[in-house]
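I'd like to ask you about the structure that follows.
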Amino acid sequence: MTSFNFSTWPPQLNPEQLEALTLAATTYALSHGLLYLPPSQSPSNTQPRIPTTAIHAPLSLIPAPFPRAQFQAARELQKVYNVLYARVAMDTQFLDTVMGAEEGVGKADEFTGTLWRGWKRIREHGALAQPLHLGLFRSDYLLHAAEDRLALKQVEFNTISSSFGPLSERAAAMHRNILASTSYFSASPHLTADNFPENSTTSGLVEGLSKAHEAYGVREARILFVVQPNERNVFDQQWLEYGLLERHQIHVVRQTLTDLAVSASLDPFTHALIITSPTNASPYEISTIYFRATYTPSDFPSPSYYDTRFLLERSRAIKCPSLPLQLAGGKKVQEALTRPGVLERFLSNEGAKWGAHALDLTAHAADVRATWMGMWALDSEDVDIAAALDRLPDSGQAQGSVPPGTRLARLKAQSLVLKPQREGGGNNVYREAIPAFLDTLPAEEREAWIAMEMIETPRGVSGYLVRASPSSSDTDNGTIEKKVVRVEVISELGIFGYALFREGEVVEREVGWLVRTKGTESNEGGVAAGFSVLDSVVLV
């Protein structure tokens with residue numbers, strides 16, 4: 001079999017074919033709930049938005065090529081990652097050391113420190129009422145072109161608000177529909193049904209939520225979705241709500257932190273979370289709390305919002321994620337796991353604490369490590385970092401008290417990305433911007449940042465990207481300006497999984513995938529942040 005040439009993608013289309021595919025894609029998206037709400041013209045933090053119009057999500061016309069072997073390897077590794085991060089979340093001492101406000105990154109990052117201090121107070125007061133945790137995870141990967149081969153490399157591991165599962169399932173279905181209806185005009189021999197993998201992410205994520213609800217043990221209880229005000233990505237969440245009701249007869253309550261400051265209380269005897277609603281005379285007991293908010297400081301405009309988050313943590317409801325699981329998803333944890341022996345300890349079977357697992361997890365340690373790029377903390381004084389620094393030219397220049405980790409990041413800036421303890425996109429610092437950023441970074445904030453080697457993706461692969469956004473000149477009459485552009489792109493694969501766990505027991509499964517594609521001129525990859533489009537894969 002000859003290797004696939006990425007620089008030949010996508011196949012050539014004439015203008016009439018491109019127009020026909022655009023019509024097919026956008027019509028399918030609008031007909032099947034592959035949608036966003038348009039930007040609000042009059043935002044309100046207190047009143048829910050009643051949709052009067054919708055736009056299709058940003059999407060690609062032709063799926064992104066991805067090697068079959070690496071796609072399958074990513075799916076198989078998800079089971080290992082599910083267990084790994086469950087175990088990290090149960091290791092209090094490790095999280096205190098890495099993420100805490102006394103000796104970890106929480107000293108430098110106020111948001112992380114506030115969450116950690118709240119969790120510590122709850123522990124010290126014996127107020128952890130629920131031993132079970134639920135994680136709906138997504139592990140994100142890029143292809144790394146190195147030494148004439150393509151390697152699978154992890155960008156990050158998401159433990160909170162891992163979005164776009166349902167919409168990505170619909171993006172894959174859209175591409176299969178276009179294939180069935182047009183055969184993509186026989187533009188490429190790779191565009192066949194055998195190369196379009198099935199995607200059933202929605203049912204898998206719903207399964208994880210339903211297992212948590214069942215484990216709670218109160219059939220008539222409801223699942224709480226904690227959402228951001230004026231959420232544009234509401235349809236991605238609604239598909240989960242519909243799946244819970246239609247497949248499992250489980251009802252969902254959607255509220256913001258602002259709502260919950262008024263509506264939420266704990267039963268003084270059972271610690272059950274009780275939610276009132278203006279639409280119902282009787283309050284609801286909550287079995288599971290699914291956070292699609294609280295991952296960024298802007299979700300907490302005042303200290304009272306943290307108080308509401310901590311009240312939820314003290315409840316008997318199963319949290320998705322709990323505070324320790326949210327902290328486990330920090331970039332600093334990702335870096336700490338790369339240190340010698342740390343991953344291997346978590347993957348070993350330690351008996352009663354973590355319980356055995358059907359997989360021989362230690363046998364997969366090398367496979368997991370192979371997905372990681374080099375990374376280190378900016379405040380690192382590690383001997384390996386110092387040794388790497390000594391091997392570089394100009395490393396001997398006087399730097400005063402600057403730690404080796406920061407000095408190495410400056411010297412290798414053109415091949416690095418700097419990452420803070422933030423989710424949601426738009427926070428990283430890339431390549432040529434790094435030296436100037438380091439010049440202004442206060443010394444006490446270095447601990448909050450990690451340096452990671454850039455993943456060098458295959459060059460020359462392009463795609464047809466379709467965006468829908470209100471034109472500034474057409475906002476009042478509601479028309480939508482659609483743009484189709486052919487640009488050189490980078491495609492990121494995300495693998496979904498869930499884990500319902502407690503000390504000594506983990507129930508987990510890999511449940512699906514997504515692809516997000518962005519133009520090479522964009523460093524960030526968050527669809528909701530406006531930098532990329534939803535895509536799927538053609539296996540090559």
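Glycine residues also receive a Cβ, built from the backbone N, Cα and C atoms like all the rest.
Note that the structure is a prediction, hence the values are computed from the model and not measured.
Annotations per TrEMBL:
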BINDING   Arg138, 160-163, 231-233, Gln237, 292-295, Arg516, 527-528  substrate binding site
BINDING   Glu156, Asn158, Glu423  Mg(2+) binding site
BINDING   Glu156, Lys331, 419-428, Tyr430, 452-455, Glu492, Lys518, Glu524  ATP binding site
DOMAIN    222-328  domain 'Glutathione synthase substrate-binding'
Taking the binding-site residues one at a time (Asn158, Ser161, Ser163, Gln237), which has its Cβ surrounded by the most other Cβ atoms within 10 Å?
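That would be Ser161, with the most Cβ atoms nearby.
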Starting from Glu156 (Mg(2+) binding site), work out which of the binding-site residues listed here (Arg138, Ser163, Gln237, Tyr295, Tyr430, Lys518) have their Cα within 10 Å, and give them in sequence order.
Arg138
Do you know the mean pLDDT across the domain 'Glutathione synthase substrate-binding' (222-328)?
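So the average pLDDT across the domain 'Glutathione synthase substrate-binding' (222-328) works out to 97.
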Of all the binding-site residues given, namely Arg138, Ala293, Tyr295, Tyr430, which is spatially nearest to Glu423 (Mg(2+) binding site) at the Cα level?
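Checked the binding-site residues Arg138, Ala293, Tyr295, Tyr430; minimum Cα distance to Glu423 (Mg(2+) binding site) goes to Tyr295.
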Starting from the Cβ centroid of Glu156, Asn158, Glu423, the recorded Mg(2+) site, name every other residue in that chain with its Cβ within 8 Å, sequence order please.
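Sorted by sequence, the hits are Arg138, Asp140, Phe157, Thr159, Ile160, Ser162, Gly329.
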Please give me the binding-site residues out of Arg138, Gln237, Ala293, Tyr430, Lys518 that lie within 10 Å of Asn158 (Mg(2+) binding site), comparing Cα atoms only.
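Near Asn158 (Mg(2+) binding site) by Cα: Arg138.
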Counting other Cβ atoms within 10 Å of each Cβ, which of the binding-site residues Ala293, Met454 scores lowest?
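Taking Ala293, Met454 as the binding-site residues, the minimal 10 Å Cβ count falls on Met454.
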Using the alpha carbons only, what distance in Å do you get between Ser161 (substrate binding site) and Pro420 (ATP binding site) once rounded?
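Their Cα atoms are separated by 18 Å.
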Excluding near sequence neighbours, so keeping only residues 6 or more apart in the same chain, what lies with its CB under 8 A of Arg138 (substrate binding site)?
Phe157, Asn158, Ser162, Gly165, Gly494, Ile495, Phe496, Gly497, Leu514
How big is the Cα-to-Cα gap, in Å, between Pro420 (ATP binding site) and Gln237 (substrate binding site)?
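Just about 27 Å between their Cα atoms.
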I need the least crowded one of these binding-site residues (Arg232, Lys518), counting other C-beta atoms within 10 angstroms of each C-beta.
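So among Arg232, Lys518, the binding-site residues given, the one with the fewest Cβ atoms within 10 Å is Arg232.
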Provide, as an integer number of angstrom, the distance between the C-alpha atoms of Lys518 (ATP binding site) and Ala293 (substrate binding site).
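The separation of the Cα atoms works out to 24 Å.
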Using a 10 angstroms cut-off on Cβ to Cβ distances, just flag whichever of Tyr295, Tyr430 is the loneliest among these binding-site residues.
Tyr430
